[in-house]
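Structure first, then comments.
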Amino acid sequence: MNKDVIIALDFPTKDETLAFLDRFQGRKPFVKIGMELFYAEGPAIIREIKARGHKIFLDLKLHDIPNTVKRAMSVLSHLDVDMVNVHAAGASAMMKGALEGLTRADGTRPLLIAVTQLTSTDAETLKNELLIDTPMEETVMRYAKNAADSGLDGVVCSPLEARKVKDACGEKFFTVTPGIRFADGDVGDQKRVMTPERAGQSGSDFIVVGRPITQAADPVAAYERCCKEFLGQ
Ligand code: C5P
């Protein structure tokens, strides 16, 4: 799959989501659907957005025993999503189970990426609550390597880590990076941000952009600006 801009559809309802997508008229951006919208609207929202011609990253971050994740992934692959994810903390057996479950009878499957450490987990929490003494960056790189060795296609990471992940796991290993802000935009609650242009130069394959597009006065113009900066088109 080619480099692309993914819009995070962080809306609570189907009506708001579809009204937002209607503004794009002929364009069909790649979109991310997370837990809030999926749990509110169920699989029907996926079918509806797919039928409109969008690619979908279903961001549900599965983490359970391998057999449960395998069976759940099989259900998601039949929803015809394009990208899904798991927590790398579920370890290799779970990631391999996820891959197996995702693979359809004809051998095709959605891309599978892993979350390494959540960006909300800081060094202190890692050490004092999760009892992991290994430094954060080493943990992130090891989890990325475990994902690559299990056959996954990539990881979600900060654009600031994308280059290092590729150096450790190979150029073909996808990096999907949130934390994107325009140079003249609001940072909001994101701490480690990068512009679309810099992300494009720093090894990001997919940027995930929420509020800079969804909250813009003109979301279509903001999306086009993102594509222009990130993809140079
Ligand atoms: O509005 P904003 O551009 O910050 O949205 C970024 C999206 O990426 C949100 O859906 C957020 O949940 C998601 N995300 C993130 N940081 C991570 C993982 C996912 O911001 N580490």
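Each Cβ is built from the backbone N, Cα and C atoms, and glycine gets one as well.
Fair warning: this is a prediction, and the values are worked out from it, not measured in the lab.
What TrEMBL annotates here:
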DOMAIN    4-226  domain 'Orotidine 5'-phosphate decarboxylase'
BINDING   Asp10, Lys32, 59-68, Thr119, Arg181, Gln190, 210-211  substrate binding site
ACT_SITE  Asp59  active site, for OMPdecase activity
ACT_SITE  Lys61  active site, for OMPdecase activity
ACT_SITE  Lys61  active site, proton donor
ACT_SITE  Asp64  active site, for OMPdecase activity
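In space, Asp59 is the closest of the active-site residues Asp59, Lys61, Asp64 to Gly210 (substrate binding site), judged by Cα positions. Under the DSSP three-state reduction, Pro66 (substrate binding site) is assigned to helix. In the three-state DSSP scheme, Asp10 (substrate binding site) falls into the coil class. Taken together, the residues of the domain 'Orotidine 5'-phosphate decarboxylase' (4-226) have an average pLDDT of 96. Sequence-distant neighbours of His63 (substrate binding site) (same chain, six or more apart, CB under 8 Å from its CB) are Val69, Val86, His87, Ala89, Gly90, Met94, listed in sequence order. Proximity of the recorded positions Asp10, Lys61, Asp64, Thr119 to ligand 1, judged by a Cβ distance under 6 angstroms to any of its atoms, singles out Asp10, Thr119 in sequence order. Lys61 (active site, for OMPdecase activity) falls within a strand segment according to DSSP.
Looking only at Cα atoms, Asp59 (active site, for OMPdecase activity) sits nearest to Asp10 among the binding-site residues Asp10, Pro66, Thr119.
Put simply, Asp10 (substrate binding site) is 24 Å from Asp64 (active site, for OMPdecase activity) when counted between their Cα atoms. For Lys61 (active site, for OMPdecase activity) paired with Thr119 (substrate binding site), the C-alpha to C-alpha distance reads 14 Å.
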